[in-house]
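Novice: I grabbed these lines from TrEMBL:
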COILED    161-230  coiled coil
DOMAIN    117-243  domain 'Autophagy-related protein 16'
REPEAT    296-337  repeat 'WD'
REPEAT    338-379  repeat 'WD'
REPEAT    380-422  repeat 'WD'
REPEAT    431-463  repeat 'WD'
REPEAT    464-499  repeat 'WD'
REPEAT    523-551  repeat 'WD'
REPEAT    552-584  repeat 'WD'
């Protein structure tokens with residue numbers, strides 16, 4: 001045996017090599033080692049560290065067996081140590097050989113069986129494996145079908161999920177918008193609640209004020225009632241004094257009438273009494289008309305206003321055709337036609353000297369004609385709505401009053417040609433007239449009240465509830481003591497101008513005013529009242545009998561206006577279809 005000593009990383013490496021004879025000798029001593037084992041032993045490595053730990057490593061590390069022997073306490077030389085290591089390595093190789101023989105025993109047994117038996121087993125196993133393979137294929141097919149179904153369901157589910165996600169997204173947006181709206185509504189509700197609280201507090205305050213005002217109203221009503229009682233008592237006393245004055249006045253008028261008649265009887269010319277002597281016109285006798293003397297088609301579209309000239313039988317008419325016409329009632333012939341009005345004629349009047357005619361028009365203006373030339377002298381502008389009533393003072397021919405649907409009453413000076421006073425009323429005026437002294441304006445309004453105004457100051461002097469509905473007409477008697485009012489309640493009331501007390505009320509069953517500007521009249525001797533009706537008749541009442549004495553009918557259209565001559569006769573009427581009738 002040959003030993004080689006090498007160093008490897010601070011370790012001593014001892015390599016022992018056996019010759020063939022020594023190997024044979026060793027084998028003879030042991031009777032165990034084969035040539036292969038000898039080859040393996042030659043390849044063994046003995047690693048000896050500095051502490052004399054000896055490790056025997058075979059050439060195959062997978063089946064290595066390591067044995068460590070501590071020789072620190074032994075007094076052995078390197079050869080002995082090497083021999084001891086070799087012996088230990090041989091024991092390890094013997095154990096490995098026995099282990100490998102046990103591991104390969106089943107293989108030796110299997111190879112010793114006959115080949116036919118192994119073929120049958122392999123065929124059975126093959127069939128079994130083929131059967132299992134078919135079952136696996138069937139299972140795979142089923143699983144594939146299930147997989148396809150599952151994939152389709154998965155895709156549909158994914159589509160549904162996407163749709164649901166879109167719906168959820170929309171709903172989330174709607175929820176967000178709803179939350180914002182809810183927040184805004186909450187803020188608005190808060191503001192409204194605060195406003196409601198404020199209104200409620202104001203309501204409580206107003207209720208308290210209302211209760212206080214109601215208490216004051218009750219006390220004022222009680223005082224008013226007491227004042228009315230006192231006023232009624234005073235009125236009764238005034239009425240008694242007025243009755244006494246009327247008795248005295250009637251006695252004086254009776255004496256004056258007797259003296260005047262006696263004087264007129266004495267003054268004769270060729271056996272004929274002079275009609276126009278002083279005072280004779282106050283006693284013009286009026287007769288009850290019984291027939292239509294003339295029926296004239298006066299205006300196209302309707303005739304709304306007629307009036308006789310003072311102390312004359314000439315009749316003036318105005319209509320929807322924007323013309324003013326003057327008629328001779330004796331012959332029924334047309335004397336003159338006045339042009340220049342820009343609207344329908346709703347009312348007209350004439351001066352007491354018969355020199356001027358003034359017309360109220362739907363064009364919001366007043367037109368003044370000179371009777372001598374037949375031309376327009378003035379166009380009075382100032383009203384903002386249609387002018388429905390006009391009158392000229394009985395004292396001054398240059399003082400005109402008008403009323404329009406702008407709730408104003410205006411006083412005009414014809415010499416200056418403009419308005420000198422404006423009176424504002426809370427109710428529209430439908431009719432008006434001057435008093436005999438020219439200092440007072442009588443006006444009838446849509447609220448049914450009769451009002452008296454001062455011409456100079458425009459102050460309201462007196463007011464009385466004349467009708468339950470709108471007043472349509474006001475007519476002053478020739479003496480100036482009685483004013484006749486007609487209303488849409490189909491009543492015709494007579495008032496005493498001095499006290500504004502009713503001295504007569506006339507009514508007919510079938511009589512009804514045709515419009516808000518239907519004009520009625522009173523006879524010159526103040527004995528009769530005439531008024532047109534919507535059924536085309538003219539009704540005549542007797543003041544003394546307080547009943548209807550005649551009902552004249554010649555036309556089918558509603559009668560809009562009636563006028564009685566200051567000479568006592570004739571009576572004229574105008575209808576909505578433009579016909580003018582002269583009654584005697």
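FYI, residue positions are counted from 1 along the chain as it appears here.
Cβ from N, Cα, C; glycine included.
Could you place the listed features in the three-dimensional structure?
Specialist: According to DSSP, the repeat 'WD' (296-337) comprises 0 helix, 24 strand, 18 coil.
Here the repeat 'WD' (338-379) has Cβ contacts under 8 Å with residues 301, 304-305, 307, 309-310, 312, 316, 318-320, 322-326, 385-392, 394, 397, 400, 402, 404, 412, 414, 417, 431, 517, 519 of the same chain, all six or more residues outside its ends.
Across the repeat 'WD' (380-422), the prediction's mean pLDDT works out to 93.
Residues of the repeat 'WD' (464-499) grouped by DSSP class, helix first, strand second and coil last, total 0 helix, 19 strand, 17 coil.
Counting only same-chain residues 6+ beyond the ends of the repeat 'WD' (523-551), those with a CB under 8 A from a CB of the stretch are 283-286, 288-290, 473, 477-479, 482, 484, 486, 492, 494, 504-506, 508, 510-514, 557-562, 564-568, 571, 573, 575, 581, 583.
Within the chain carrying the repeat 'WD' (552-584), a Cβ under 8 angstroms from the stretch's Cβ atoms is held by residues 281, 284-287, 289-308, 310-313, 315, 317, 319-321, 327, 329, 332, 478, 514-515, 517-525, 528, 530-538, 540, all 6 or more beyond its ends.
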Novice: Provide the three-state DSSP residue tally for the repeat 'WD' (380-422): helix first, then strand, then coil.
Specialist: 0 helix, 25 strand, 18 coil
Novice: List, by number or range, the same-chain residues at least 6 past the repeat 'WD' (431-463) whose CB is under 8 A from its CB atoms?
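Specialist: Result: 347, 388-396, 399, 401-403, 409, 411, 421-423, 425, 469-476, 479-480, 483, 485, 487, 489, 495, 497, 500, 516-517, 519.
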Novice: Who are the long-range neighbours of the repeat 'WD' (380-422) in its own chain, taking Cβ under 8 Å and residues 6 or more past its ends?
Specialist: 343, 346-353, 355-356, 358-368, 428-434, 436-438, 441, 443, 453, 455-456, 458, 480, 516-517
